[in-house]
Amino acid sequence: MAQLYYKYGTMNSGKTIEILKVAHNYEEQGKPVVIMTSALDTRDGFGIVSSRIGMRREAIPISNDMDIFTFIAQLEEKPYCVLIDESQFLSKQNVYDLARVVDELNVPVMAFGLKNDFQNNLFEGSKHLLLLADKIDEIKTICQYCSKKATMVLRTENGKPVYEGDQIQIGGNETYIPVCRKHYFNPEI
């Protein structure tokens, strides 16, 4: 029986590497997968999943109004798994479409993304994945300032912490830092 998996972690926790690893393992066995990512994430190009260590692959970009269920249902070859990067940027309807892929097409879906934003609010996609996922796993990494587990994301601009502003601002290591709770409120900048 297929399931909807939600695997979340802070920045630099290896979410995209995990997607690429899972895809490789399926494909090594001759089992096709579909890799998708939010159309909002254009850091490394449109429709690209890219890890910070340099591994990258093309992916199907997901817009907020895309009918993911119909897209997967109409593929000529049924995938063995659907892998989603940057799932925090998905709309509520996108997440419900993923649940339908699992329930009606019997295709496992693994969604990877951030849980909370730099203000410690849930992203729309994260909120609905937490509600609908059959299995929820945390991908762990450590705080940039100490050896505790990072549970939050600190946004910085010009070396200063930022706690207000737009929820979505696509960035990389230079803008967002994985931190523990202590260093979120008292960063060593």
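Numbering starts at 1 and runs along the chain as displayed.
Just so you know, glycine gets a Cβ as well, placed from its N, Cα and C.
What Swiss-Prot lists as active site, proton acceptor is E86.
Within the same chain, the residues at least 6 positions away from S87 (ATP binding site) whose Cβ sits under 8 Å from its Cβ are Y6, S38, V95, A111, F112, G113, G125, S126, L129, listed in sequence order. Sequence annotations record features per position, and here Swiss-Prot assigns ATP binding site to G9, T10, M11, N12, S13, G14, K15, T16, D85, E86, S87, Q88.
Marked as Zn(2+) binding site by Swiss-Prot on the basis of sequence analysis: C143, C146, C180, H183. For C146 (Zn(2+) binding site), the same-chain residues lying six or more positions away in sequence with a CB closer than 8 A to its CB are C180, K182, H183.
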Subject >> Cβ-based neighbourhood (8 Å from the centroid) of the Zn(2+) site, residues C143, C146, C180, H183 excluded >> reply: I142, Q144, Y145, S147, K148, A150, V179, R181, K182, Y184
Original post:
Reduced to three states, what secondary structure does DSSP give G9 (ATP binding site)?
Top reply: coil
**OP:** Give me the non-local Cβ neighbours of K15 (ATP binding site): same chain, 6+ apart in sequence, Cβ-Cβ under 8 Å, ordered along the sequence.
**Re:** K7, Y8, G9, D85, F112, G113, I139
**OP:** Under 8 Å Cβ to Cβ from S13 (ATP binding site), same chain, six or more residues apart: give me those in sequence order, or none if nothing qualifies.
**Re:** I139, K140, T141, A150, P178
